[in-house]
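For 5-148, the entry in TrEMBL reads domain 'Phosphomannose isomerase type I catalytic'. Among the features that TrEMBL reports, Zn(2+) binding site is placed at Q106, H108, E133, H235. Per TrEMBL, domain 'Phosphomannose isomerase type I helical insertion' is recorded for 190-216. What TrEMBL records for R254 is active site. Here TrEMBL flags 295-341 as domain 'Phosphomannose isomerase type I C-terminal'.
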Amino acid sequence: MTEKVFQIVPRAQNYAWGKIGFQSKVAELITNAYSDITIDSEKNYAELWMGTHPNAPSIIMSTGENLKDIVSANPDLLSSSIAAKYNGDLPFLFKVLSIQKALSIQAHPDKKLAEQLYKKYPNIYKDDNHKPEMAIALTPFEGLCGFRLLQDIKKNLKEYPEIINVIGKDAVNEFYKTIGDGSINPNPAKGTLNEVIRRIEAQYPGDIGVFSIILLNYVSLKPGEGLYLAADEPHAYISGDCIECMAASDNVVRAGLTPKSKDVDTLVNMLTYTCRPANSQIVTGIPYLNSSSTILYNPPIEEFSILCTILSPTTKNIESFKGIRGPSIIIVTEGNGNIIYNGKCFSACKGSVYFIGANIPVTLESPYEKTTFYRAYTELMKSKL
């Protein structure tokens, strides 16, 4: 294949926690750009997958070929170094999520554990890769991530004494003894916490995972704010729409808030148990190459980074990029723009998804209305500023 920039068709996933029909951002995006895809108004549309993962690989729109086959046969699309390191495959999986109901209390294994789980339980754990991930809010977004500070957990145990019967008094007393008598301040967010507990308990009545809300940080994100979740970090998304990117894996170890299979022992043994304040979990973008229109979300891993470019005919309506030293996938989440490469102009309406090969310079354009592009990419040398 000689094309270096081409449109791909993403795949929708119908998980039970997704928003229903056209209430879903996933359904809204995919049908706006791909008119031959129909939506069932009674189905849940939870995730939009963009990438090569075998569970739902993207295809080339013009030919119907599998994206995995194309990048494997054309290593220059990835760059020789990335093709060699990642066995001729895309290092990341790019998604849009649309959440109506809380996802499971979960964590993703590190590389060593993923290899062990895949070897032992290949029917449950579908690949041998780790899965660090980042979520960026498209709409107001709620989630749980990482353990609260120890004094905050102590405060919640006193304010919600019913959880002591679940954990056990001896374990709670040992916890109090370990962390000492540090002062406990009033909890200004108790009203919010009560509301979240009631809402999730209504979604999963009788599920022990509801108690995790007292132990994990609750975060509320504004559009454009993100969360980075390293391997072995407990988390659960609660509501909202987001962009998500991760190392190319679909491994999940669950412990609650789900009808799916749980592996509590594995989860308990794999977690980092690092306690930190909620605001330390929130990630904001930084200007990319001094641009006023593009920001960079740059996690501490090499599999992926994310660019967000917002253009408008009333401010700045064009942004040019030198070639990135690795593959990228770009999606338009609002508006109607163009992607320009080598004299060709590719129409990029809301929901359009394109693959851009390594080292290919492109220009993004928004001649008609405000347009937002999200672009996931890989560079092995992360000197992106």
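Cβ coordinates are placed from backbone N, Cα and C, and glycine is handled just like the others.
Note: TrEMBL annotation is automatic and uncurated.
As a quick check, the domain 'Phosphomannose isomerase type I helical insertion' (190-216) and the domain 'Phosphomannose isomerase type I catalytic' (5-148) clear the bar of 3 or more Cβ pairs under 8 A, pairs 6 or more apart, so the two touch. Sequence-ordered, the extra residues of this chain that approach the Zn(2+) site, with Cβ no more than 8 Å from the Cβ center of Q106, H108, E133, H235, are A107, K131, L229, E233, P234, V252. Each residue in the domain 'Phosphomannose isomerase type I helical insertion' (190-216) gets a DSSP state, and the totals come to 22 helix, 1 strand, 4 coil. Around the Cβ of R254 (active site), a 10 Å sphere holds 21 further Cβ atoms from the protein chains shown.
Under the three-state DSSP scheme, the residue listed as 'active site' falls in the strand class. DSSP states for the domain 'Phosphomannose isomerase type I catalytic' (5-148), grouped as helix (H, G, I), strand (E, B) and coil, give 38 helix, 43 strand, 63 coil. As a whole-number mean, the pLDDT of the domain 'Phosphomannose isomerase type I C-terminal' (295-341) in this prediction is 97.
Within 10 Å of the C-beta of E133 (Zn(2+) binding site) there are 25 other C-beta atoms, taking all protein chains into account. A 10 Å cutoff on Cβ-Cβ distances gives H235 (Zn(2+) binding site) a total of 23 other Cβ atoms nearby, all chains included. Assigned with DSSP, the residues of the domain 'Phosphomannose isomerase type I C-terminal' (295-341) fall into helix, strand and coil as follows: 0 helix, 27 strand, 20 coil.
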